[in-house]
Amino acid sequence: MASTMKKTSSFSLLSLLLLLPLLASCVERQETEEEARNSLLYSYKNSINGFAAVLTADEASKLSKLEEVVSVFRSEPRKYSLQTTRSWKFVGLEEGDRWNYMKRDDLLLKATYGKHVIVGLLDNGVWPESRSFRDEGMGHIPKSWKGICQNGDAFNSSNCNRKLIGARYYVKGYEQYFGPLNTSLDYRSPRDKDGHGTHTSSTVGGRRVHNVSALGGFARGTASGGAPLVHLAMYKVCWAIPGQGKEEGNTCFDEDMLAAIDDAIGDGVHVLSISIGASEPTLYTEDGISIGALHAIKKNIVVACSAGNSGPAPSTLSNPAPWIITVGASSVDRAFVAPLLLGNGRKIEGQTVTPYKLEKKMYPLVYAAQVLGHDVPKNYNAGQCLPGSLSPKKVKGKIVICLRGNGTRVGKGEEVRRAGGVGFILGNSPANGAELAADAHVLPATAVDSNNAIRILKYINSTRKPVAYIFRARTVLDRKPAPFMAAFTSRGPNTITPDILKPDITGPGLNILAAWSGASSPTTLADDKRVVEYNILSGTSMSCPHVGAAAALLKAIHPTWTSAAIRSALITSGKPITDASGHPANPFQYGSGHLRPSKAADPGLVYDASYTDYLIFLCYHGVTKLDPSFKCPKHPPTPKNLNYPSLAISKLNGTVTVKRTVTNVGGGGKSVYISSIKPPMGFSVKVSPPILFFHHVGQKKSFTITVKAETRSIGKDEYAFGWFTWRDGVHIVRSPMAVSLA
C-alpha cells in the first residue's frame with residue numbers, strides 16, 4: 001500500500017465469526033463496544049456471513065491472518081461502474097397491439113408476462129413517475145415479498161406501487177471514501193438523477209406505453225419491458241462522482257453492493273439484474289458482485305451481469321464467475337440514418353438521434369486537429385475534441401470532425417458547440433470499426449464508421465476549401481447485418497478462470513430505447529437542459545436487463561428450475577452472429593450467441609449445477625472456508641469439469657477428456673439425442689457416447705468430450721473455436737468450445 005494512504009480505509013470482510021467478538025479478540029488495542037460499532041459500515045445478515053468496517057491497514061492485516069477469515073479486501077473507489085422497444089420484437093418477443101393475435105404457445109402468454117416474478121436491480125436509482133412503472137392491471141404483491149420502500153430525498157413509500165414494489169439505497173461505503181453525499185449531484189434516496197437505473201428497470205419489466213419515442217421522434221412506437229408484469233425492486237448502489245460530470249459515469253462500492261445483495265436475498269427477489277462491471281478482472285474473493293451472487297445462487301436466485309464495455313481488447317470482461325450469466329452486447333435491426341454530403345458530391349452514411357436540422361447550404365468542414373487552441377499540444381489527442389481544446393476563432397460557423405478515443409461521445413459535441421461550431425461529425429477509430437452508437441447531441445451531428453472517417457479526412461486534405469452538409473436523421477428498420485456484435489462489448493478469454501468460457505450470451509445493447517429520469521438530460525451533460533421521458537442508450541448495461549427479463553419469463557414458466565438450468569437454457573439456445581462489418585464473430589465476443597428467449601423456454605436438455613458444485617469449484621482455487629457446513633474434497637476436480645454448458649480448454653498439451661451431464665427437460669419424456677461436432681481448427685473432438693437415450697423428464701445422462709491437438713494451427717495464447725451439439729429432431733442444444741495450446 002502507498003505510504004500516502006489514509007490511516008483508515010474501508011475494508012470488506014467475509015468472516016465466519018460475528019463482528020464484535022472478532023474485533024474484541026483480534027485487534028491489539030483497547031476498544032469499547034461503541035467504538036467498534038462506529039467503525040462498522042454494514043453487517044451482512046441475510047445470507048452473506050461477513051461485514052464491512054473502517055479499519056487501519058494493520059488491523060486488516062491481522063484479521064486476514066485468522067484461520068476463520070475467508071477474505072479481507074480493501075474497497076476501491078473506481079473499481080466498479082455502470083455499463084452504459086424494437087429490441088424485444090427482435091429477440092422474438094412481440095411488442096405492440098398484438099394481444100388478440102398471439103399464438104397459444106407464445107412465450108409471453110406461457111409466462112403470463114412474468115406475473116408473480118420479482119426482479120431486483122442494482123443500479124443508480126429509479127424515476128418512479130415514469131409511465132413505464134404504472135401498476136394498473138398488475139396483480140397483488142407476492143406474499144413472499146419482505147422488502148421496503150425506503151424514505152429519502154424526494155422519495156417515500158407512496159412512490160412504490162404494485163409494479164415498483166421495493167426501493168432501497170446504500171451510500172455508507174461511498175460516503176466513507178468521498179465524505180457526505182453532495183445532494184446537488186445525486187438524491188440521497190432511491191430516486192434516479194442520472195437515467196441509467198430507470199432505463200435498465202424499464203427494459204426488464206416496464207409496462208406497455210404507446211406512442212413513445214426518443215427526443216426528436218426517433219424510434220417511435222410502443223415501449224415495453226421484456227416481462228411487462230414482473231414486479232420490480234431497485235437497490236441503489238451507484239452514485240455520482242464528485243468533481244466529475246454525470247456523462248463520465250458513476251461509481252459503486254463493494255460494501256454497498258454486498259449490503260444490497262444481502263437485502264435482496266432477504267427481501268425475496270427471484271432474479272437479479274446487475275448492469276455494473278469492474279474496471280479490470282477481479283479475483284472471486286475480492287469481487288463484491290461475485291461473492292454476493294454466489295450467496296444469491298444458494299437461494300436459487302438467477303443473477304445476470306454485464307460483461308463490460310472495454311472491448312474490443314481481449315481479456316477485458318467483468319463478472320466471469322460461473323454462477324453468473326455474463327452478458328455481451330449486440331445490435332438490433334434498426335438504424336437512425338443521418339447522411340453527410342461532402343463538397344466533392346460524395347454522400348456518406350452516418351447515424352444519430354440528434355433532432356436538429358441545419359439550414360440547407362454547405363458549411364466549411366475542418367478536422368479538430370486543425371482548429372486547436374494556441375496552447376493545446378498537437379499530440380495523439382489533438383483530433384478528439386477534448387474539453388477546452390478547440391479554438392472558437394477557428395471553429396465558429398464550421399462543421400468539425402472529431403475522432404473517438406478519449407473523452408465521451410456527447411462531450412465531444414459539447415466542445416464543438418462551446419467553440420461555436422454549427423455541426424459535428426463523430427468519426428470511429430479502427431477499434432470501433434463499423435459499429436455506430438446513436439446519441440442525442442447538443443447540435444446537428446452524425447456518427448460515421450472508421451472507413452468513412454478516413455474518407456472524410458482524405459477529402460479535407462485534398463482541397464483548399466472543404467465543405468459539407470449533415471442531413472437530419474430518420475429511423476430505418478430491417479437493417480442488415482443484424483444482429484451484430486457491438487465493438488465496445490468486453491471480450492474473453494476469462495483471465496480469472498481460463499477454463500470457463502465467458503461471456504455466456506449476448507443481447508440487444510446498441511441504441512436501445514427505454515424510460516429515463518426526469519431529473520436528467522438525454523446526454524447527462526451539465527449544460528444540457530433538455531428533458532425526455534424516454535432515451536436511447538448503448539452498453540452492456542442495456543443488454544443485461546434483456547437477459548434478466550428472459551430469465552424472469554423462464555422462471556415464471558419453470559418455477560422449479562435451478563438458476564443453473566435457466567442459464568443453461570439461455571446459453572444453449574443462442575445464435576452465432578457477425579460483427580458490424582459482417583465478418584464472423586466468436587464465442588469470446590458473444591458466448592453462445594444472440595439471445596433467443598422463445599427457444600430457451602423449451603431447450604430440451606440442460607446442464608445443471610448446484611451451490612455445492614460452485615463451492616467445489618472454489619476449492620480448486622484455494623477458497624476452502626466460504627461455507628462452514630461444507631468441507632472441500634481432498635482432490636477437487638479442475639474447473640473444466642464443472643458441469644457448464646460450454647467448454648474452454650486453455651494451454652492444451654496433447655489430449656484432455658472432460659465430463660458433462662445433461663438433464664432431460666423436453667416435454668415428450670422419451671427422446672433420443674444424437675451428437676454432432678464442429679471441432680476447432682487443428683483439433684479433433686470426440687463425444688462418448690455419441691447417442692443419449694432418455695425415458696422420462698428429469699432423467700440425467702453423462703458423456704465425455706475428448707479434445708486432442710492434431711496440428712499446430714494456432715500460435716501461443718491464441719484460441720480456436722468450435723461447437724458440440726445435441727439434437728433430437730425438435731431441439732438443438734448447442735454449446736461453444738474454445739481451445740488454446742500450451
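Cβ coordinates are placed from backbone N, Cα and C, and glycine is handled just like the others.
Taken from TrEMBL as is:
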- ASP123: active site, charge relay system (ACT_SITE)
- HIS196: active site, charge relay system (ACT_SITE)
- SER541: active site, charge relay system (ACT_SITE)
- 29-79: domain 'Inhibitor I9' (DOMAIN)
- 114-593: domain 'Peptidase S8/S53' (DOMAIN)
- 363-453: domain 'PA' (DOMAIN)
- 641-739: domain 'Subtilisin-like protease fibronectin type-III' (DOMAIN)
- 1-29: signal peptide (SIGNAL)
Inter-residue Cα distance where the pair is HIS196 (active site, charge relay system) and SER541 (active site, charge relay system), in Å: 8
The domain 'PA' (363-453) - residue tally per DSSP class, helix then strand then coil: 21 helix, 21 strand, 49 coil
Tally of residues which DSSP labels helix, strand or coil - the domain 'Subtilisin-like protease fibronectin type-III' (641-739): 1 helix, 61 strand, 37 coil
Alpha-carbon distance [ASP123 (active site, charge relay system); HIS196 (active site, charge relay system)] in Å: 7
List of residues, in chain order, with Cβ under 8 A from that of ASP123 (active site, charge relay system) and at least 6 apart: LEU82, ASP192, HIS196, GLY197, THR200, SER201, MET234, TYR235, LYS236, VAL237, CYS238, SER275, ILE276
Mean predicted confidence [pLDDT] for the domain 'PA' (363-453): 94
Helix, strand and coil residues within the domain 'Inhibitor I9' (29-79) as assigned by DSSP: 15 helix, 18 strand, 18 coil
